[in-house]
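TrEMBL annotations:
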- 23-48: transmembrane segment (TRANSMEM)
- 24-426: domain 'Amino acid transporter transmembrane' (DOMAIN)
- 54-81: transmembrane segment (TRANSMEM)
- 102-123: transmembrane segment (TRANSMEM)
- 177-196: transmembrane segment (TRANSMEM)
- 216-238: transmembrane segment (TRANSMEM)
- 250-272: transmembrane segment (TRANSMEM)
- 292-316: transmembrane segment (TRANSMEM)
- 344-364: transmembrane segment (TRANSMEM)
- 370-396: transmembrane segment (TRANSMEM)
- 408-431: transmembrane segment (TRANSMEM)
Amino acid sequence: MEGQAPSRGLVEKPLPATATPTLSSVGAVFILLKSALGAGLLSFPWAFHKAGGVVPAFLVELISLVFLVSGLVILGYAASVSGQATYQSVVRGLCGPAVGKLCEACFLVNLFMISVAFLRVIGDQLEKLCDSLLPGSPLALRPWYADQRFTLPLLCALLVLPLSAPREIAFQKHTSILGTLAACYLALVVTVKYYLRTPGLVREPRPSLSPSSWTSAFSVFPTICFGFQCHEAAVSVYCSTRPRSLSRWALVSALSLLACCLVYSLTGAYGFLTFGTEVSADVLMSYPGDDVVIVVARVLFAVSVVTVYPIVLFLGRSVMQDFWRRSCRGAWGPRELADPSGPWVRMPLTVLWVTVTLATALFVPDLSEIVSITGGLSSFFIFIFPGLCLICAMGIEPVGPRAKCCLEAWGVLSVLVGTFIFGQSTVAALLELL
């Protein structure tokens with residue numbers, strides 16, 4: 001930057017040399033879109049019910065969308081400023097080691113809970129599929145091979161584990177396209193089912209379209225955070241794209257979240273209008289199990305969640321690999337064990353992650369509890385950490401005084417909004433437990 005006049009806006013920096021740019025902009029859109037179109041899609045009709053109706057939930061979603069897009073853009077800029085290729089490394093490089101350690105801890109816990117939620121959803125869909133394939137079979141007499149304690153571990157061994165083994169996240173662009181189409185099919189089914197007025201579905205002629213209080217409208221923030229959380233993957237995706245520029249990244253971020261917002265809004269609105277206050281936290285569980293269209297939706301959505309699980313695992317594994325790299329620095333040992341991205345370290349970490357999340361998912365009773373906890377933690381990665389990175393970046397970047405003041409104010413606002421969402425969701429979760 002020597003010899004140049006101070007910039008009046010965000011300055012693009014040399015990008016991390018540690019990441020190999022192999023991902024196109026279209027591939028980046030699909031990975032971000034698929035990272036967001038996960039298990040949260042099933043909970044959006046339930047969130048619309050909690051908000052008090054379609055209008056207040058949609059307004060909260062639009063307000064959130066502004067912070068969601070800006071958070072992705074800030075993270076791309078922070079990656080270029082810090083020269084780091086992972087989310088936690090960016091936070092540590094800009095905000096200091098103390099905040100970096102907090103980020104790593106929150107990152108691991110949040111990604112772990114997301115992985116558990118994904119496996120919980122897959123298990124529920126497998127259970128419903130077995131019920132549809134074995135009609136009339138009582139729950140107590142269900143064959144052992146139809147129990148999700150058998151089907152879910154089998155699926156993890158045959159599909160989830162092989163998809164999670166690759167070293168680079170760019171590999172996920174192929175499966176992400178399939179997963180995105182599966183999520184779009186679910187939104188289409190929910191919409192069409194509403195207009196067809198399928199007999200047997202629980203319907204309320206006039207569902208409430210106004211929140212009982214502002215608290216009920218704000219209570220959907222954790223579900224929105226849980227649904228739109230692709231920010232954990234933002235830095236890794238940004239550092240894998242080619243060509244890399246902040247303007248192109250801003251376009252990728254906006255297109256991804258706008259498409260995601262359309263799918264979520266259709267599913268949430270028409271799922272709520274179909275079932276009203278009787279909607280389940282997993283909207284597919286509200287539909288009859290013998291409907292062929294719903295059975296296809298269950299299969300495709302299970303495929304969708306299976307394809308997004310490896311992305312979450314990749315991010316959680318990167319945290320453990322960073323810790324392994326710092327721990328082995330300067331230590332004696334085989335060269336294969338010194339490289340955490342090599343198969344001798346990467347594969348055991350992958351197997352460990354899948355095994356622990358699978359064991360936890362088999363004992364979690366309700367998806368709504370996971371959504372509330374994970375949605376609160378997601379506010380750190382969508383609002384708080386990007387806001388802190390922006391504030392810290394303004395202290396070292398040559399930005400004009402007016403732009404610097406506006407950007408710092410936006411960073412402070414993001415931190416405050418994220419703190420409010422985390423506090424509100426934590427209190428709500430504690431009240432539900434009590």
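Backbone N, Cα and C atoms are what each Cβ position is placed from, and that goes for glycine too.
For the transmembrane segment (250-272), the neighbouring stretch richest in Cβ pairs under 8 Å, chosen from 177-196, 216-238, 292-316, is 177-196. If one looks beyond the transmembrane segment (102-123) by at least 6 residues along the same chain, the residues whose Cβ comes under 8 Å of a Cβ in the stretch are 38-39, 42, 87-88, 91-92, 95, 148, 151-152, 155-156, 226, 229, 232, 282, 301-302, 305-306, 308-309, 312-313, 315-316, 319-320, 322-323, 353, 356-358, 360-362, 364, 367, 370-371, 373-374, 377-378, 380-381, 385. A Cβ distance under 8 Å defines the sequence-distant neighbours of the transmembrane segment (54-81), meaning residues of its chain 6+ beyond its ends; these are 10, 12-16, 32, 47-48, 87, 90, 94, 209-211, 216-218, 220-221, 224-225, 228, 230-231, 234-235, 238-239, 244, 246, 249-250, 253-254, 256-258, 261, 264-265, 268-269, 272-273, 382-383, 386-387, 389-390, 393, 396-397, 410-411, 414, 417.
Nonlocal intrachain contacts for the transmembrane segment (344-364), taken as residues 6+ away from its ends with a CB within less than 8 angstroms of a stretch CB, comprise 112, 115-116, 119-120, 123, 148-149, 152-153, 156, 160-161, 164-165, 167, 313, 316-317, 320-321, 324, 334, 336-337, 370.
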